[in-house]
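If you look up TrEMBL, you'll see 1-23 marked as signal peptide. Annotation source TrEMBL lists domain 'Thioredoxin' at 34-194. Positions annotated as disulfide bond by TrEMBL: 72-76. The feature Cu cation binding site is assigned by TrEMBL to 72, 76, 159.
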């Protein structure tokens with residue numbers, strides 16, 4: 001029995017060292033990390049740039065993906081301005097980044113409206129829209145909350161505001177909470193690009 005305990009303990013210790021070695025190979029991110037990384041749920045939406053939006057279209061690039069809407073008064077424009085600043089600070093590496101913004105308001109956010117809105121922040125940003133059912137499925141896959149709330153004769157949408165980091169292989173690597181600085185995004189994008 002003691003020999004069996006030593007073998008089990010030795011095996012567990014070897015497994016622990018292997019897990020630490022694998023984790024040590026990954027860069028430290030400022031975002032909350034998905035450990036282990038997992039495949040980012042695919043989506044098939046109407047792209048603001050025309051055609052279909054699929055994450056596979058951007059394989060080889062780091063993707064920063066957020067959820068919001070064009071009538072959002074504060075959180076969305078702040079997030080998009082932060083992402084635009086981060087992209088500029090990346091310099092030549094900016095071409096290796098794709099920002100994807102998925103609407104939570106399909107009633108108002110057509111592909112054309114999203115193109116005009118996102119273009120005001122950075123012309124490279126791509127928006128995704130679709131049917132309410134398509135968008136609900138994408139939100140569900142990413143654990144994003146969105147709730148329509150009446151606002152006089154109009155409405156607003158309360159929604160999750162984190163940005164997802166997807167690496168060049170299509171793996172979900174992190175989730176950056178609202179309010180982070182452009183340099184936090186620059187750090188994490190560069191860390192993923194260095195792999």
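In case you wondered, yes, glycine gets a Cβ from its N, Cα and C as well.
Predicted automatically and left uncurated, TrEMBL annotations should be read as such.
It should be emphasised that the depicted structure is a prediction, and the values quoted were computed from it without experimental measurement.
For the pair formed by residue 76 (disulfide bond) and residue 159 (Cu cation binding site), distance between Cα atoms is given as 10 Å, rounded to the nearest Å. Summary of the Cu cation site environment: with the site residues 72, 76, 159 set aside, the chain residues having Cβ atoms within 8 Å of the Cβ mean position are 67, 68, 69, 75, 79, 104, 157, 161. Here the CA atom of residue 159 (Cu cation binding site) lies 10 Å from the CA atom of residue 72 (disulfide bond). The disulfide-bonded residues under consideration are 72, 76. Their Cβ neighbour counts within 10 Å are lowest for 72. The Cβ neighbour count for residue 159 (Cu cation binding site), using a 10 Å radius over every protein chain in view, is 21. Look at residue 72 (disulfide bond): DSSP puts it in coil.
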